[in-house]
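> One structure, as structure tokens, below. Some questions next.
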Amino acid sequence: QVKQATNQIVMNCADIDIITASYAPEGDEEVHATGFNYQNEDEKVTLSFPSTLQKGTGMLKIDFVGELNDKMKGFYRSKYTTPTGDTRYAAVTQFEATDARRAFPCWDEPAIKATFDISLVVPKDRVALSNMNVIDRKPYPDDENLVEVKFARTPIMSTYLVAFVVGEYDFVEARSLDGVLVRVYTPVGKAEQGKFALEVAAKTLPFYKDYFNVPYPLPKIDLIAIADFAAGAMENWGLVTYRETALLIDPKNSCSSSRQWVALVVGHELAHQWFGNLVTMEWWTHLWLNEGFASWIEYLCVDHCFPEYDIWTQFVSADYTRAQELDALENSHPIEVSVGHPSEVDEIFDAISYSKGASVIRMLHDYIGDEDFRKGMNLYLTKFQQKNAATEDLWESLEKASGKPIAAVMNTWTKQMGFPLIYVEAEQQEDDKVLKLVQKKFCASGPYTGEDFPMWMVPISICTSDDPTCAKMQILMDKPELTLVLKDIKPDQWVKLNLGTVGFYRTQYSPDMLESLIPAIKDLSLPPVDRLGLQNDLFSLARAGIISTVEVLKVMEAFVNEPNYTVWSDLSCNLGILSTLLSHTDFYEEIQVFVKDVFSPIGERLGWDPKPGEGHLDALLRGLVLGKLGKAGHKATLEEARRRFKDHVEGKHMLSADLRSPVYVTVLKHGDSTTLDTMLKLHKQADMQEEKNRIERVLGAISQPELIQKVLTFALSEEVRPQDTVSVIGGVAGGSKQGRKAAWKFVRDNWEELYNRYQGGFLISRLIKLTVDGFANDKMAAEVKAFFESHPAPSAER
């Protein structure tokens, strides 16, 4: 549409050469463009015409040549090996955020929506897929080895969601209850491995249809495993692409955590089919709406499909605490970030958009209640379908449905960075307890001393030992200080804030309030998610220097009877961080002994082999505990791991998938060059990407300097897929003190190659974070700073 007369057309275009371009106004002669001016920096091209194009509609035709690149973005090639061992390439796409312009010239912004009629000319023995169903397939006139595949017209949609794939694949299919054809495409010969994801997808589509009360809008949906893939997955409308490890499950060789991961990622990407694809954010500033929402609802969906996963407790450990860790830093950013240049877009695909986004939506859902929340969601999706929306639009719909001041509350969580620390003390007055609450910004670097006093509107819930699972009082804290009276609470009853660890804040109790909570951890009367939140708050307060680490380690002793996997997992992370810090001191050996003391009772209770009646969470817990004991050098665990590893390698007795990581990491940590060679051999033989990744992640545990070098060299070799190199280097950095130094040196020495591979994507940020994370002195800080001053990495700036 020409909206006002012009002799130029400006559009997005990157790494594309235009051969000819013409514009034909409706019912008039076509005019050929006479000049193409590329603004490479801005990824745009200006087409100039010899005469003025008048107002009205017309047809723009462009003949161009692009490249099938190796950058894992735009239209790129992905390397795979056929069952007979040949190396071949598939052609696949990844357009989010700003790379559709690498595949075809277009207006590559989320709010400029259009319908797409796509046809692909492909070798006739290849599978060709796009967003919509195939409507025609005919021989290509110029070459009998090619066919032209034509797809149905898409709904009105954004460019970043367009997709096409050409390659060799098998598939499994099913129809969901609401009649949508679901297919999972796998590498040739591995169709079986698509069945688990197929089941999840077929259950999930009707769940979302019911939850939003809006049907899935396309006739089909394909989920496909791509060999070389930078992200975990991408929600292209009707053709969702995945890393192999985020989609394929082999009943014999996949561990429990892989199943859970696949279920979550499938739930996440399918949620986007409504939230993101049907209704799209106005601009990248509102990306968090897409990602935060999908990162929250994936848990709702998995909880529906697999109640035995206790997935909401895991949410707190995986998303909530991770977001709080980042958001306590001075260089965090608000959930809503203004975005200008495309290079700034990559930077906001971080744990603030995803995990803090999901956490505040969980808090909001709890504050509104499920029924009104669903009503509001339906209002929002119906009002904006096939259009674009901003954060305010969602608040308006939810406000309408709930009658609560949603925008006022939520603006304090999305427009300013950070979150509050709530200090609470209690005083007994006859039969009542009087609570005094004070909120201040929580900072990782110690008590907040800023000039301004940021304030949040905090939904606060309070429970007591009467009923630890039910709120005795709920209130919105909308000022810096608050005094509350809890009626009929005896002196010996405890009081706890933030029931269910739903509110996005940390709590600091007065010493006597904390003291009274300890028995409730010990006798497990406090629910798992509250036990987890309590110890996580304590550890982070200690890391910020607000309370003493000694006090926290004393509370650890209350966790001796802890049965819950997620609580252990979070505890284990926190002890890991402490252990890394202590590796810079003389107390490293002592903390290893402490770890062994904390983990051996539960290790003995669990043993090595699954017992009848155990489930998903027991398998995850066993793997976690044995790995922790093995790494710390617990004698009995190490001996048993070596024995089982030997049997596994000799083919006498295969290790179950859930025991592989803990056994591998244990034998490597205490192993030699023979151990490493055996592991590399297992890596070469592994047919499944999951097993290759499992091995890649633990190789860094090896501790001899020359073997560490060998692992680092391996990371950049042909044996490791480009998207997985980062986790091998990260494993070395996190594996030992020597590894930390070696990994950082390796990144500096190979910076050119690494930067060229990953520039502008989030993998470069991840690489930097993983390699410098463990350092803890000023000298290293200066060295890291100096290096990046001379080797800038804009998308990792934060």
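For all residues, glycine too, the Cβ spot is worked out from N, Cα and C.
Pasting the relevant annotations from TrEMBL:
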- Glu269: active site, proton acceptor (ACT_SITE)
- His268, His272, Glu291: Zn(2+) binding site (BINDING)
- 1-161: domain 'Aminopeptidase N-like N-terminal' (DOMAIN)
- 196-413: domain 'Peptidase M1 membrane alanine aminopeptidase' (DOMAIN)
- 494-798: domain 'ERAP1-like C-terminal' (DOMAIN)
- Tyr354: site 'Transition state stabilizer' (SITE)
> Determine which residues of the same chain, besides His268, His272, Glu291, have their CB within 8 A of the center of the CB atoms at the recorded Zn(2+) site, and list them by sequence.
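After dropping the recorded site residues, what remains is Glu235, Glu269, Ala271, Phe275, Gly276, Asn290, Phe293, Ala294, Ser295, Glu298.
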> Name the residues of the same chain, 6+ apart in sequence, whose Cβ is under 8 Å from the Cβ of His268 (Zn(2+) binding site)?
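Those within reach of His268 (Zn(2+) binding site), by Cβ under 8 Å and sequence separation of 6 or more, are Ala233, Glu235, Ala294, Ser295, Ile297, Glu298.
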> Report the member of Glu269, His272, Glu291, Tyr354 (the recorded positions) whose C-beta atom has the most other C-beta atoms within 10 angstroms.
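By the 10 Å Cβ neighbour count, Glu269 comes out on top.
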> Can you grab the distance from Tyr354 (site 'Transition state stabilizer') over to Glu291 (Zn(2+) binding site)? Cα atoms, rounded to a whole Å.
5
